[in-house]
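Working notes for the structure below.
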Amino acid sequence: MAGNAYSDEVLGTTNWLKEKSNQEVFSFVFKTEDVQLNGKDIGWNNYKKELQEDELKSLQRGAETTWDQSEDMEWESTVDEMTKKQVFIYDSLVKKCLFEVLSTKNIAPADVTWFVQHEWGKDQGWHCHVLIGGKDFSQAQGKWWRRQLNVYWSRWLVTACNVQLTPAERIKLREIAEDSEWVTLLTYKHKQTKKDYTKCVLFGNMIAYYFLTKKKISTSPPRDGGYFLSSDSGWKTNFLKEGERHLVSKLYTDDMRPETVETTVTTAQETKRGRIQTKKEVSIKTTLKELVHKRVTSPEDWMMMQPDSYIEMMAQPGGENLLKNTLEICTLTLARTKTAFDLILEKAETSKLTNFSLPDTRTCKIFAFHGWNYVKVCHAICCVLNRQGGKRNTVLFHGPASTGKSIIAQAIAQAVGNVGCYNAANVNFPFNDCTNKNLIWVEEAGNFGQQVNQFKAICSGQTIRIDQKGKGSKQIEPTPVIMTTNENITVVRIGCEERPEHTQPIRDRMLNIHLTHTLPGDFGLVDKNEWPMICAWLVKNGYQSTMASYCAKWGKVPDWSENWAEPKVPTPINSLGSARSPFTTPKSTPLSQNYAITPLASDLEDLALEPWSTPNTPVAGTAETQNTGEAGSKACQDGQLSPTWSEIEEDLRACFGAEPLKRDFSEPLNLD
């Protein structure tokens, strides 16, 4: 844009509006209405009484000057003098109202940005737009400003009314002006509360895009809509002619247009919301994201992991309900977006998988005590936790006491985190704690009795509605169940009567893990990191937590009578430089086999051993001899090197003893 192509007034106004482009201001409209009092008609042009105050006279002369300076000399205006005078009086009264409110707030006029424009509308007639704002203005003050301006506006209108009115009629006119809200404020209606709230506008944008684009009124009475005159706190638009105003609007629009148009994607939820979010809402949403990210599922976890946000919400009015509802949204989000298997797997430390030994875990040791294929059992459990078990949605650990049922179930529940517990003591609402959970834990289950149908629905992964204490019914989505018991839960008794028709349906819903081996007293608990590492090991080795993967690995889906011992797992050992694998063929030493090795004479000749020295090695069969033999074999295995002759001699002596060797070597060899 060439600097000499436009006048200084145009460029100055454009730059001034650009400086104020992001300033938020109130938007008011001053107006009048036709009133009839005792047969006396009062219209918009009946407020032309001579003003007595010096300040009002000065403001009126300023309006007259603005009109004269902003007229275009190329064409002659036909607006009559009475209409002009009425607009001048209105301009002085509007500014008088603004200055009086500023005075009550102790705000200096120099600290305020304002714009006034008198217009004529086809339907509304005369009205005056006012934009006002500053550093001492806030959105919450908008309605207070409207009430104060309405009071002053009605008072000064009564003073300027040139219709002969009695004192009672003047009071009535003022009441009508105040009650009818002859000063209005730009507001928006909240969709939820259905209340009106102040809507601030951007000062520069509103003037350039809306007010400066209008045409000037040139006829009397006005036939079309347009503006009479305008003024502002910076004395920028006061004396601009109509063409210059349109030019300022064009320059401002061109300068404020972004060079590159950024494409923004608005979600359906944002479009539906279509409102301004409060700081409280933003704070709650930020807190909720942090709670979900850190997997906070209980008030205790919140207190420990996010104490600042917990105290902040607790200190608010109704904080207890706010905490409860926020935590409920968090658990609902986890329950709908994650499975129990996902929550366990994300806790695994994958960097430790290299040295992780699956058979050394306490869970696999418990399964190995029963001769089971622990990889197969863990794979089946993970499929159920991943909601891939179909109708078989429950893992049942049952058997005598002290067989490891509860410690495995407890380790799985702790790894999941978002767990609901069945409360058998609460007869009427046993599932009160089981909504919005990733896992339901039933500890020491007994006779289901009257609740058997509800239990079967939950154990099969169906969506059902349950009653809650003090609340309405609530829906339980398909949720895996882990159950421990010492009893035969397939036998259902209602009163004194056994109901055998429930036995098979219950079995069809259970992954049956029957533990019978009593654990030693020093066995200990399952480590909290054990199940995350088990899940990560299964995924790494191709055991995906889906029923398709399970069938591909083990042949069929598990049933109630599943043989967990087949196929067998080879005895695992450590492979040098790698993790222990359950499918590595074990090496053996002579003592690990149940037979004796007798070397042939030709073999001894090939060995070319030196004559036997006095044997100091104990006779084979003693504990010391066995330990020595194992040590020699282990040294050979660990070294992975060719043995020396002395090591071979030492191993032979350790394995067979001195006397058996001499006797075998002295006997003649009979090849027949």
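In case you wondered, yes, glycine gets a Cβ from its N, Cα and C as well.
As given in Swiss-Prot:
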- Y210: active site, for nuclease activity (ACT_SITE)
- G399, P400, A401, S402, T403, G404, K405, S406: ATP binding site (BINDING)
- 614-630: compositional bias 'Polar residues' (COMPBIAS)
- 21-259: domain 'PV NS1-Nuc' (DOMAIN)
- 373-528: domain 'SF3 helicase' (DOMAIN)
- 1-276: region 'DNA-binding' (REGION)
- 191-195: region 'Ori-binding' (REGION)
- 210-214: motif 'RCR-3' (MOTIF)
Legend entry - Local confidence of the domain 'SF3 helicase' (373-528) - pLDDT mean: 88
Inset, instruction - Using all protein chains in view, find how many other C-beta atoms are within 10 Å of the C-beta of G399 (ATP binding site). - result: 18
Inset, instruction - Fill in the CA-CA distance, the residue listed as 'active site, for nuclease activity' to S406 (ATP binding site), as an integer in Å. - result: 73
Inset, instruction - State the count of C-beta atoms found within 10 angstroms of the C-beta of A401 (ATP binding site), not counting that atom itself. - result: 8
Legend entry - DSSP three-state assignment (helix, strand or coil) for P400 (ATP binding site): coil
Inset, instruction - Go through P400, G404, our binding-site residues, and report the one whose Cβ sees the most other Cβ atoms within 10 Å. - result: G404
Inset, instruction - Kindly assign Y210 (active site, for nuclease activity) to one of the three DSSP-derived states: helix, strand or coil. - result: helix
Inset, instruction - Starting from the ATP site formed by G399, P400, A401, S402, T403, G404, K405, S406, give every other residue of that chain whose CB sits within 8 Å of the mean position of their CB atoms, in sequence order. - result: F397, T484, N486, L515, T518, L519
Inset, instruction - List the residues of the same chain that sit at least 6 positions away from S402 (ATP binding site) in sequence and have their Cβ under 8 Å from its Cβ, in sequence order, or write 'none'. - result: T518, L519
Legend entry - For S406 (ATP binding site), nearby residues of its own chain (Cβ under 8 Å, 6 or more apart in sequence): F397, E443, T484
Legend entry - Nonlocal residues around K405 (ATP binding site), in sequence order (Cβ under 8 Å, 6 or more apart): F397, H398, G399, T484, T485, L515
